[in-house]
Amino acid sequence: MSPISILNVSSSRFILTGFPGLEVHYVWISIPFSTIYAMVFLGNCMVLHVIRTEPSLHQPMFYFLAMLALTDLCMGLSTIYTVLGVLWGIIHEISLDSCIAQSYFIHGLSFTESSVLLAMAFDRYIAICNPLCHSSILTNDKIMKIGVAILCRSSLLIPPVIIRLKFLNYCCPHILSHSFCLHQDLIRMACSDIRFNSIYGLALVISNLLLDAVLILISYIMILHAVLAIASRDERIKSLQTCVSHICAVSVFYIPIIGLTMVHRFGKHLSPLVHVLMGNIYILFPPLMNPIIYSIKTQQIRRRVQRLFYLKRM
């Protein structure tokens, strides 16, 4: 084996990719990205603060919203160092251990968000289809158990496939497709047997993201069936309006995932800029949009936020 090949196999450093061809403009590109991260942190912290301090929001729907905001906040924290570090010129590469840790958090938080969205769909189903039993079914104790189940499901199923990344040999050029680490990006560079990672990774996606999406779709079919049975047109509209925020949150989560999957699977001929753009949309769009969606579409949150800013101006 040549010295270059030996270096490729044994090296544990990976080059982070920003925006290929736009390196001279990184200072300017960093401005909107810094603004987006600031909005992610401020928006989700505001939602958490409002839910914590407003007793009228201590309801199942808003407890699940707090879980969603906390997940989005952690997603921002797990990627900010490498994304802004590349744009600011602070870092250009990442160690294998750090890369594996980051990929664990990114994928784990994605599964967590999917599970929380499923729990919110269940909450909407109970609230609309069985409103009289809503408070007795979704008690604080049961919500806590759902939260623990979500955490266990998202954190305990991923380690086998993530830990195995540590023991693979990487002989392709160590250049990541993004300014952060993803499991599919690392196995693309491996020259070891990756069948376990491919099969187990696919099983995780099917049993988490795909299953959750199917169950959310089923819940909304049942909700729609129940709403159409309501005689009053105004009541039908009112019932559906309580689901608008959740439908928007589901859309901003699943559409970027589908787009990124399509680009990784079928977009090898596309410009690297497309891969980078879709990757950044995947990690930043849901955390950015969810606080905006719920602040605009949810009346209780909107009123509390308006009151919060009004008090600050006085």
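Here the Cβ of each residue, glycine as well, is placed from N, Cα and C on the backbone.
Curation plays no part in TrEMBL annotations; they are all automatic predictions.
Now, the feature entries from TrEMBL:
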| type | residues | note |
| --- | --- | --- |
| TRANSMEM | 26-51 | transmembrane segment |
| DOMAIN | 43-294 | domain 'G-protein coupled receptors family 1 profile' |
| TRANSMEM | 63-91 | transmembrane segment |
| TRANSMEM | 199-231 | transmembrane segment |
| TRANSMEM | 243-267 | transmembrane segment |
| TRANSMEM | 273-294 | transmembrane segment |
**Request:** Take the domain 'G-protein coupled receptors family 1 profile' (43-294) and average the pLDDT across it for me.
**Result:** 91
**Message:** Under 8 Å between C-beta atoms and at least six residues away from its ends: which parts of the chain pack against the transmembrane segment (199-231)?
**Reply:** 107, 110-111, 114-115, 117-118, 121-122, 124-125, 128-129, 153-154, 157-158, 160-161, 183-184, 187, 239-240, 243, 247, 250, 254, 257
